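Features of the protein shown, as given by Swiss-Prot:
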{"type": "ACT_SITE", "residues": "D23", "note": "active site"}
{"type": "ACT_SITE", "residues": "N71", "note": "active site, proton acceptor"}
{"type": "BINDING", "residues": "D23, E210", "note": "Mg(2+) binding site"}
{"type": "BINDING", "residues": "24-28, R36, H40, 68-70, W72, R74, R191, 197-199", "note": "substrate binding site"}
Amino acid sequence: MASPAMHPVLSAAVPRHIAIIMDGNGRWAQRRRRPRVIGHRAGARAVNRTIDFCLEKGVSALTLFAFSSENWGRPQDEVDALMKLFLHALDREVEELQRRGVQVRFIGDRSRFAAPLRDRMAGAERSTAANSRLVLSIAASYGGRQDIASAARALAEDVAAGRLQPEQIDEALLSSRVALADLPAPDLFIRTGGDTRISNFLLWQLAYTELWFTETLWPEFDAGVLQQALDDYAGRERRFGLTSAQIADKATESSSA
């Protein structure tokens, strides 16, 4: 069963949901002969610029890939610095996000984070839960395969408990168990830093998402670059497996209804 988010449409000027891999912090710092953590701090400022842009344009959901399940394998000093930066950012930014009407969520496996950080994450979610201007989802210790496996495990547990029959499992049911299930699927995916892959990010959710890649390093990402992405997106035709003629016919039917 197709979800409403998968009806063929011409791209709107402003996507409802933008997902971003924020790549290039380390290279930005290295080019300046600075420690990598300096790049991550500069990247935090780019996050604020992106939130500002989304609020101004009326984007309803923004999902940021902050820390992958594979990133735990990075050098320990970098992981430790990232955890401190993450903790300080939560302490510093949540009150401002609350004031601006931003709802904060986290997706991913929290069990590997230290207790103080888990507590801050839960506190940020509680304090902003009623906000509705923008849903900011932060993927932390997240992996797309892990996400799908967790959803499959939950369905298997329901079958084993007799709450569900195997023949009832379809794409829509699995979609309801993965992360971000209550949000529209991302309309636009952006990756900064020059690499052209999705790196285990939202594998299920990105099935029909428009992909946009830029050489811009994340700390240099600003409203101008984001507007370029939106301009490109607005010129695309989202067919969801159909033909352009079918989309034109559906548009005619909708306008005459």
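Backbone N, Cα and C define each Cβ position, glycine as well.
With a cut-off of 8 Å between CB atoms and residues at least 6 apart in sequence, the same chain places V79, L82, S141 near N71 (active site, proton acceptor), listed in sequence order. Looking at D23, E210, the recorded positions in this record, the fewest other C-beta atoms within 10 angstroms of the C-beta turn up around E210. Here the candidates are the binding-site residues H40, W72, R191, E210. The one whose C-alpha lies nearest to that of the residue listed as 'active site' is R191. S69 (substrate binding site) sits 24 Å from E210 (Mg(2+) binding site), taking the Cα positions as reference.
Rounded to a whole value, the Cα-Cα separation of I198 (substrate binding site) and E210 (Mg(2+) binding site) is 12 Å.
Cβ contacts within 10 Å of W72 (substrate binding site), excluding its own Cβ and spanning all protein chains shown: 12. The binding-site residues examined here are S69, R191; by Cβ neighbour count within 10 Å, the least packed of them is S69. Taking a C-beta cut-off of under 8 angstroms and a sequence separation of 6 or more, G24 (substrate binding site) has the following same-chain neighbours: G39, G43, T192, G193, G194, T216, L217, W218, P219, E220. Distance between Cα atoms for H40 (substrate binding site) and E210 (Mg(2+) binding site): 27 Å, as a whole number.
It is 26 Å from the Cα atom of W28 (substrate binding site) to that of E210 (Mg(2+) binding site).
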